[in-house]
Amino acid sequence: MTRQAAEVAKRRTFAIISHPDAGKTTITEKLLLMGKAIAVAGTVKSRKSDRHATSDWMEMEKQRGISITTSVMQFPYREHMINLLDTPGHEDFSEDTYRTLTAVDSALMVLDGGKGVEPRTIALMDVCRLRDTPIVSFINKLDRDIRDPIELLDEIEAVLKIKAAPITWPIGCYRDFKGVYHLADDYIIVYTAGHGHERTETKIIEKLDSDEARAHLGDEYERFLEQLELVQGACHEFNQQEFLDGQLTPVFFGTALGNFGVDHVLDAVVDWAPRPLPRVANERTVEPVEEKFSGFIFKIQANMDPKHRDRIAFMRICSGKYEKGMKMRHVRTGKDVRIGDALTFFSSEREQLEEAYAGDIIGLHNHGTIQIGDTFSEGETLGFTGIPHFAPELFRRVRLRDPLKSKQLRQGLQQLAEEGATQVFFPERSNDIILGAVGVLQFDVVASRLKEEYKVECSYEPITVYSARWIECSDKKKLEEFSNKAVENLALDGGGHLTYLAPTRVNLALMEERWPDVKFRATREHH
């Protein structure tokens, strides 16, 4: 095996998906602890703390104490190199969260055992389904009261339409939480709470049918056996291929706060989740072990560092090897650029990078020339697909405080749209400018960045738009007919693409029914 193939085989690139407050921050912290990336868990501090979490960047995040921005953390574990992409998990998240999922090979779904499947989890799973991303599941908070575990598995299957295969099974919960039982390998992992940065020694009881297990479970023993019978009768067995196809998720139980069960999940990512996968480009499929370098941009981040007024473009490497000072072609512009200062991400300790392989994420300094979806290569004309725009779910009309600044406003919005901070629409029948976003916070971010970076002050007004759909139609005559009929609701987006702004859900359904030859798309590829 070549050095490059060996490096690729070691890589695991995944993201965590969860509803806010299901425990994502805590589990991230414990995962970093396992990779000894942070000496003391707790660098990702609580909101009340005045020392800010290392992955909270922009000014506004400091005020709100949330990580709007998606950071990337790389750490070693069991002779593998783990790339963990953090997804903004606050009530207000953004299209970045969705796009981050296009750059990973697998995902870890964290559910709150007391609440089960929540709305944000459903939305994120829909995005994972676009690429059949393999999902590992962790049911968290067993140190509190949780719902019946069988009920939780049923809910995963019914709501998320994915088979659930329990790997471990909880013995009690809350004050009676005694650990988990490994279904396939017949042993108990005893629960001892490890607080903060303690890693407690794992105590294992071999075989459920043993005096030691009976003593540990006490009065619960018989009841646990009955429950197990139910579980083994009703649940799916783990199947590696179905997992890789995104049709089945292995389920683990534990408590991130008590530092219990998190290692089981990380082991599953190492043992079962795929190494960096081939990526589809318009021209061909690119294999990760190819010698020539290639990668795509999935996110652009403004001033990660208040001291450096720069933008960082996050690139997922798809093939080859990045070496410091190498030349690569920016395919969209046709220009060759020498990259001497790519960044690797170790939370916010920004480090200069010497080399990186397929599956790794690197940061390029961007002075406004790089856009989301851009491909970089060693000269070959490639355009990676699967980094879409997602239909916004919230809309506002923009109002300028100073009408003379409309040029700066358009310029600023164009730039912010290319960075993926918002989507901008220009209705065909009016001079309005409409912004679209996936999370409310995006509007605040845009307003504060327009003010700081473009010296433009704006306010927002509500507008009746339910959703946006990108219009495609191969029949020119039909498209013209449709455009004349629907002109009141048509707009061009920032890239000049025809978009239908549906005022209501009913209206959208009616239009789709009336115009069967017109495709109303909820995602649009970049470029």
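For all residues, glycine too, the Cβ spot is worked out from N, Cα and C.
According to Swiss-Prot, the features are:
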- 9-277: domain 'tr-type G' (DOMAIN)
- 18-25, 86-90, 140-143: GTP binding site (BINDING)
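Features as recorded by Swiss-Prot, highlighted on the structure.
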residue	record	DSSP (3 states)
Ser18	GTP binding site	strand
Lys24	GTP binding site	helix
Thr87	GTP binding site	coil
Leu142	GTP binding site	coil
Ser18 (GTP binding site): tally of other CB atoms within 10 A of its CB:
23
Mean pLDDT, the domain 'tr-type G' (9-277)?
84
